[in-house]
Amino acid sequence: MDPGKDKEGVPQPSGPPARKKFVIPLDEDEVPPGVAKPLFRSTQSLPTVDTSAQAAPQTYAEYAISQPLEGAGATCPTGSEPLAGETPNQALKPGAKSNSIIVSPRQRGNPVLKFVRNVPWEFGDVIPDYVLGQSTCALFLSLRYHNLHPDYIHGRLQSLGKNFALRVLLVQVDVKDPQQALKELAKMCILADCTLILAWSPEEAGRYLETYKAYEQKPADLLMEKLEQDFVSRVTECLTTVKSVNKTDSQTLLTTFGSLEQLIAASREDLALCPGLGPQKARRLFDVLHEPFLKVP
């Protein structure tokens, strides 16, 4: 058999067979960077993805500053969007009851949330950062972020309006010299009718949020003055309203004269003889006890 011919006697070209060329069209713009890897090396260089910029900051200030600003100083982190399978609650209207602290999605990633452990909390579509009750809300502000974006808190307060009776500005002091910034914030809170609370750590800020929510339904008895109902306590409270007369002087007078009637009937000299009273206190007490009552028309 002739090596230059095939089985049918057709002459074949000398040398190795020629390779067929295939052209695969590849649109470089349709390949998302970092998702699909091209099968063939292209002369067009793809943009590199900086993975270091996607790392989550350690503090809330770094977390908020690293996000792009929207509008006039407003920050809404890109991580505030609902995750897959997570549906934020609808907006909680002022006056609506809830057993949980309603947290705005813009606070996602705030280290303060790690220390809110004693009361439940959940994300919801609300205007303030935290809704602590039917008429109580809170805005969170880092002093480090405030120094870089001083107009941010003004816009937040304007958007908040008068929807809540008690509005708390919870400030985390995370700078070395906070005096000037705190002075400006204190003045702003007075004009905006807000309550300014300072926290020196995320843990302390979390405790403030927990306390506001835990005491939402409790009465104000702990803050009110407790008045004793017994006779001695009521007489002591009455006598101590006289200038320079203290509780010790009141007990001395009651022990010396025995009753309020005899105390009123005593002369100025008798009052001055009481130990620890003196002529000046005796004169003031005598004048008060013998002044005529004012008639209210």
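Placement of Cβ uses the backbone N, Cα and C atoms for every residue, glycine included.
Feature annotation from Swiss-Prot assigns N-acetylmethionine to M1.
The region 'Disordered' annotation in Swiss-Prot covers 1-39.
Look at Swiss-Prot and you will find 17-23 tagged as motif 'Nuclear localization signal', backed by sequence analysis.
Look at Swiss-Prot and you will find K21 (among others) tagged as SUMO2 cross-link, backed by a large-scale study or a structure entry.
Positions annotated as SUMO2 cross-link by Swiss-Prot: K37 (among others).
Annotation source Swiss-Prot lists DNA-binding region at 134-156, citing sequence analysis.
Among the features that Swiss-Prot reports, region 'HhH2, dimerization with ERCC4/XPF' is placed at 220-297, with the record citing experimental evidence.
Per Swiss-Prot, the feature SUMO2 cross-link maps to K243 (among others). Within its own chain, K243 (SUMO2 cross-link) has R284 as residues 6 or more apart in sequence whose C-beta sits under 8 angstroms from its own.
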Which numbers of helix, strand and coil residues does DSSP report for the region 'HhH2, dimerization with ERCC4/XPF' (220-297)? 46 helix, 0 strand, 32 coil
